[in-house]
């Protein structure tokens, strides 16, 4: 019984040690503001193409196709 208790204690200590090293680091997120792409024309149906166009042509951080009434539009995300 003592051997079983020491194995359980060792496993618990290993779990605590592992959890201490795996703690996520918090980074202050930068707020992004969205606005419709100025270079995209037509309905947006390709997220990857929209993202590439926003990043490469408009110097945005990100881009995606979002539904904005009445159709999907390419929306670019810039730091506020």
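A Cβ is built for glycine as well, from the same backbone N, Cα and C atoms used for every other residue.
Owing to the predicted nature of the structure, the values given are computational and were not obtained by experimental measurement.
Per Swiss-Prot, the feature disulfide bond maps to 33-80 (among others). Residues near residue 33 (disulfide bond) in space but far in sequence (CB under 8 A, at least 6 apart, same chain), listed by position: 77, 78, 79, 80.
Around the Cβ of residue 44 (disulfide bond), 23 further Cβ atoms fall within 10 Å across all displayed protein chains. DSSP gives residue 44 (disulfide bond) a coil state; it is part of no helix or strand. According to Swiss-Prot, the disulfide bond annotation covers 44-65 (among others), on the basis of experimental evidence.
As annotated by Swiss-Prot, disulfide bond applies to 50-74 (among others). Over all protein chains present, the Cβ of residue 74 (disulfide bond) has 27 other Cβ atoms lying within 10 Å.
Marked as disulfide bond by Swiss-Prot: 54-76 (among others). Secondary structure from DSSP puts residue 76 (disulfide bond) in a beta strand.
DSSP assigns residue 30 (pyrrolidone carboxylic acid) to coil in the three-state reduction, placing it in neither a helix nor a strand. Marked as pyrrolidone carboxylic acid by Swiss-Prot on the basis of similarity to another entry: 30.
The signal peptide feature in Swiss-Prot is assigned to 1-29; the stated evidence is experimental evidence.
Proximity to residue 76 (disulfide bond), defined by a C-alpha to C-alpha distance within 10 angstroms, is shown by the following recorded positions from 30, 44, 50, 65: 50, 65. Neighbour counts of Cβ atoms within 10 Å were taken for the disulfide-bonded residues 50, 65, 76, 80; the minimum is at 80. In terms of Cα spacing, the recorded positions 30, 44, 65, 74 that come within 10 Å of residue 54 (disulfide bond) are 74.
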